[in-house]
Amino acid sequence: MNALQQFLAMGGYAAYVWPAYALFFAVLLADTLAPRLRRRRVLAELRARLARQSARQERKPLSTPASP
Amino acid sequence: MMNRPSLASACAAMLRRDLTLAWRRRGDIAMPVLYALIVTMLFPFALGPEDTLLQRIAGGVVLVTVLLAMLLALDAMFASDIEDGSLEQLVLAPQPLALMLGMKILAHWLATALPLIVIAPLMAAMLHLPGVVIPVLLLALVLATPLLSLLGAVLVALTAGTRRSGMLLALMLLPLCVPAVIFAAGAVAAAQQGLPWLAPVAWLAAALVLAVVLAPLACAAALRIALDA
Amino acid sequence: MASWIPLWLHKLGSPPTFYRFAGALQPWAMALALLLGAIGLYGGLVLAPADYQQADAYRIIFIHVPSAWMSMFIYAVMGVASFVALVWRIKLAEVVAMESAPIGAAFTFITLVTGSLWGKPMWGTWWTWDARLTSELVLLFLFLGVIGLYHAFEDRRQGARAAAFLAIIGIINVPIVHFSVNWWNTLHQGSTVNVFGQSKISADMLWPLLTMTLATKFYYLASLFSRARTDLLALEGGKDWVRKIAEDEASR
């Protein structure tokens with residue numbers, strides 16, 4: 001346990017070392033997650049657009065009197 | 001296109017047109033000048049009236065204030081020409097676009113930077129800059145302001161296709177104008193300390209020569225990118 | 001297209017091919033980045049001895065120095081991709097240039113903050129107007145300017161070309177800023193900071209540093225691939241291959 005405490009204390013510089021590492025991982029995590037979230041949004045928008053298009057195409061034949 | 005006018009007369013016509021337009025909106029010319037005076041006036045109130053402190057910061061304050069005042073007017077450089085479509089005509093005109101843009105930049109510099117240079121001694125005097133330094137300050141301004149106009153013109157051309165956004169322009173111009181501010185302020189500071197000030201002025205002049213040659217070309221290329229849909 | 005470009009490279013430039021290629025490589029690049037990062041950090045934080053001058057505070061360099069190198073490396077990649085995008089009008093080059101900018105800005109930001117966290121105990125100040133630090137700050141503004149200009153345009157491709165032009169102007173600007181700040185420091189006799197000291201870095205510290213450098217390179221590759229894939233989906237929204245991906249993902 002003592003070794004771990006010594007490691008975490010960083011020779012008295014813990015207040016500088018660990019925030020630096022925390023920031024490093026936080027920024028890179030945000031950078032990794034951002035494209036994934038955007039990808040989900042882009043695909044959802046695309047699907048919504050496709051759904052609207054196909055709905056419009058189905059409605060068109062209905063307006064003509066020949067269709068059932 | 002019969003009887004194509006010579007290049008020199010086209011340049012003169014462009015310059016005359018832009019200066020006439022600027023003269024018709026005299027109020028807009030006065031704005032940056034007023035802004036610079038107000039900002040300079042605020043410094044003694046913020047820092048206290050001690051002569052030594054004001055003297056020490058005077059050169060830098062005048063330069064940065066002039067830069068900010070120019071930034072204020074930069075946005076409008078091509079704005080009216082984009083609105084009425086005359087810039088797109090210029091792109092299609094037989095005259096070289098870079099040269100015509102160079103004339104527009106010159107006109108813009110005459111209309112915005114020159115008044116600022118004229119009142120710069122007044123601003124310097126408000127901050128008690130020693131009289132012997134004022135010629136160096138003016139020389140630095142004469143070299144640095146066209147540099148900023150030229151660099152700014154490239155960036156304004158790049159944003160020509162967007163909705164106007166002054167903050168973006170400031171963000172883009174800041175990294176580019178750091179060297180100009182450093183050398184201009186460095187020349188003034190050196191003169192104030194009685195050191196030789198020719199080297200930074202020479203660097204400024206070299207940068208200006210380079211910018212005069214390259215910036216109109218870059219401006220034309222940027223405009224072609226920003227306007228082509 | 002010039003004939004000297006090999007056919008496979010030409011094919012790779014087409015969005016659907018690149019999408020598949022990047023999708024296949026992205027997990028491997030990320031895995032390598034995590035593995036190398038774990039090894040490098042273990043070596044740096046645990047195995048490497050404390051520095052005799054800087055004690056344990058120097059351990060920040062294992063993230064600070066690789067991030068600083070990455071910020072410049074990514075700017076160089078962005079500059080080259082911008083040049084290719086403007087000269088040959090290759091869509092993929094535009095995507096690579098524009099999607100590199102946020103990653104570069106992230107690394108530049110990390111460099112600046114970890115640098116001041118390192119500087120505070122070492123030099124007793126969070127910030128000093130040294131040429132290296134100022135250049136890094138200017139680099140951050142350049143990245144932000146590129147990102148801002150790109151998003152200011154309604155048309156994505158037009159925005160990418162304008163921002164690519166700005167990136168090329170910036171590449172010329174960085175050495176000029178470095179030079180001018182150096183000159184400015186001699187004038188003002190400011191605090192010149194000797195970042196690495198005179199001591200040569202020992203092997204115990206060097207190998208974790210180099211491993212971390214490799215890890216950040218692979219991380220960049222992974223992040224770039226995942227960003228470029230997303231961007232291609234957004235750009236090519238109307239095309240069949242994207243439509244198929246959208247439908248496949250919905251059915252899953």
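Each Cβ is built from the backbone N, Cα and C atoms, and glycine gets one as well.
Just so it is clear, the model here is predicted, and its values are computed rather than measured.
Taken from TrEMBL, the feature domain 'Cytochrome c assembly protein' covers C:24-188.
The annotation transmembrane segment is assigned in TrEMBL to C:28-48 (among others).
The feature transmembrane segment is assigned by TrEMBL to C:68-88 (among others).
Per TrEMBL, transmembrane segment is recorded for C:100-119 (among others).
Annotation comment: TrEMBL describes C:131-150 (among others) as transmembrane segment.
Long-range neighbours of the transmembrane segment (C:162-185) within the same chain, counting only residues 6 or more positions beyond its ends whose Cβ lies under 8 Å from a Cβ of the stretch, are 75-76, 78-79, 81-83, 85-86, 94, 97-98, 101, 129-132, 134-135, 138-139, 142, 145-147, 149-150, 153, 192. Look at TrEMBL and you will find C:162-185 (among others) tagged as transmembrane segment.
Sequence annotations record features per position, and here TrEMBL assigns transmembrane segment to C:205-222 (among others). With a threshold of 8 Å between CB atoms, the same-chain residues lying at least 6 positions outside the transmembrane segment (C:205-222) that come near it are 25-27, 29-30, 32-37, 39-44, 47-48, 51, 58, 61-63, 65-67, 69-70, 73-74, 103, 107.
The stretch in closest packing with the transmembrane segment (C:100-119), judged by the count of Cβ pairs under 8 Å and taken from C:28-48, C:68-88, C:131-150, is C:131-150.
Within the chain, the transmembrane segment (C:131-150) has long-range Cβ neighbours (under 8 A, six or more residues past its boundaries) at 68, 71-72, 75, 78, 98, 101-102, 104-105, 108-109, 111-112, 115, 159-160, 162-163, 166-167, 170, 173-174, 177-178, 181-182, 185, 195.
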